[in-house]
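Below: one structure, written as structure tokens.
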Ligand SMILES: Cc1cc2nc3c(=O)[nH]c(=O)nc-3n(C[C@H](O)[C@H](O)[C@H](O)COP(=O)(O)OP(=O)(O)OC[C@H]3O[C@@H](n4cnc5c(N)ncnc54)[C@H](O)[C@@H]3O)c2cc1C
């Protein structure tokens, strides 16, 4: 697709994040009024950076409602009260919002705005693109009850349960391997390196522990014997016993303990499944900490948490989102702990990909299709969903486990890379350290021991995250090694570490399309949870269901969350498909008699009331999704190797190749789908859908929009169409 908005630059403007001017083809122009940083109910937080996040979200909602995207912005004007040119805090957030797009932009410092509490306002001109033609997929070559997109832990767990329920299932996986973000590489020097997930526990991660037992995982307990070390702002390192607070003066220690305990208490107060607190969601995590009196050192500690857990800085996260994230894993303390019940208690000697390989191997042959990147998903008003992944497949239900940034603008990853530094000896243990280190300066923000003594493998895993990690990631390979050797030497007081160093193994998930360009979990800026509601990410849309670790209630962002989300989505589709049978037995058939004397064997694909209403929603609403997915078809390379030219583990022979036999000739739907086809309702335009929207339609509609864009509001769509009058108050 050609770029609608072209930049005009002068020789000295090309490096700026905005252009000197832009040109857009003649067509529809959308002029957006000034958007302040208010929540959807009009609340305005005191904090300037939180207001920037909210204003940009409000702008995004309108752009989406008009059928455009951020890339269609021609001109941005930002109005900043008491602008401090020495500290342009807006720049970071606008750059992230624009994601590489460079509109023309004007910054207007102002003494005050229309409302005294407003500190930031943004308006825009947007070139609205022509609506693309609907995606029409050819007849399906294969059908199944359920198609699952993605063979990570979520997809494979879902497939396991779907098949257990007696339904047929196809898993379409883009890569040439199963496992997604579980990826274990045999090391040249023996042992295995986990490029993705590494830790589980045997207390609160019951699903993972059950898989570990089922597949015979050899578990290695995390080393917590010995000292931890903290590297301060000035680079100075101080050791302290594991479980204690760092060795600051007593007042600082007291303050840090109070802030930590307050965050713990606040996260425990948040609802795990449906977090709701407008005032917390209107603030960044940093603003929340400041508002509770956190000192600079407490803020830096908070940054270590958010970077180590999400690769993000506290100024980029909604406070409510982060607190809920902690709650999902039992709380801040549990998630940060390396001890029993903690997020980092046990590692797997064989590597965590064994869980995915085990699950995949337990599925019937031909269920998992490797090298099958999905390019389009279409609900076209019939009661089946078509999925294109080279071939076209049709199913009664689809579960997608594709990571969030692919389908939702507001979901994003931070920078997060694990750098595994292997040494000839565990020199840190010999010096009385357990291997855990935290740094306020980097380049690594957290370091952990990941030795496998049985393999004589001595590794420190360095978590390269946030801004410091991203700066390290931009260095050439050798400099990366040298920087880490230097930092580790400083942290553990070891000279001449180079002589001990064996090799660095790393993989940048941030460059991996099929990972959604990052890891370990996506997060949200202020305002989005409040807009969508706590269930927004996992609500099904018609026959499309959502799984994947970020949709989990418990252990979001972890393998445990992935498995639980897959099982939850599988339960939804099994219930939905079984409900078809039940409603027929209950007399639903009288309302919509199966044509041509359909027999019982066809009954389970008769639409239930729910399925019917969902189908009515689909044609016009799914187009944006189809477009988006279709655009993904372009430039999806095959899976990359981790740095050091390591190759993928060989594709599992038993998982590749063969196709699930179809019960119908090619191009024909199997018998059980015919009745549904004949009963399809005509496509309704969006306005009709809205006019007839009842409770469930509306929920489906909203969740559909959250799928596409996160942050769209039905009210806004109606306002755009003139169904509601009156601009928002200035
Ligand atoms: C560096 C790192 C460290 C981590 N550390 C831990 C840890 O210690 N403990 C822990 O519990 N968790 C950890 N995690 C997180 C954990 O790995 C994930 O939460 C979990 O594996 C996610 O599983 P998933 O199935 O939801 O998603 P994924 O594993 O991302 O699976 C999604 C699948 O969808 C596929 N896919 C994407 N697009 C398409 C498409 N268009 N068509 C078809 N298929 C597609 C992908 O290839 C992938 O296989 C870590 C992750 C990383 C990367």
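These residue numbers are counts, starting from 1, taken along the chain as shown.
Every residue, even glycine, has its Cβ placed from backbone N, Cα and C.
What TrEMBL lists as FAD binding site is 173, 174, 374, 550. According to DSSP, residue 174 (FAD binding site) is assigned to coil rather than to any helix or strand.
Residue environment of residue 463 (substrate binding site) contains 22 other Cβ atoms, counted within 10 Å of its Cβ in all protein chains. What TrEMBL records for 463 is substrate binding site.
Annotation comment: TrEMBL describes 663-672 as compositional bias 'Pro residues'.
Under the heading domain 'Amine oxidase', TrEMBL lists 153-573.
TrEMBL lists 637-677 with the feature region 'Disordered'.
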Integer Cα-Cα distance in angstrom, residue 550 (FAD binding site) to residue 463 (substrate binding site): 20
Distance-selected binding-site residues near ligand 1 (C-beta under 6 Å), from 173, 463, 550: 173
Residue 174 (FAD binding site) CB neighbourhood, other CB atoms within 10 A: 23
Largest separation between Cα atoms (Å) of residues that the record links to FAD, namely 173, 174, 374, 550: 20
DSSP-derived structure type at residue 550 (FAD binding site), helix or strand or else coil: helix
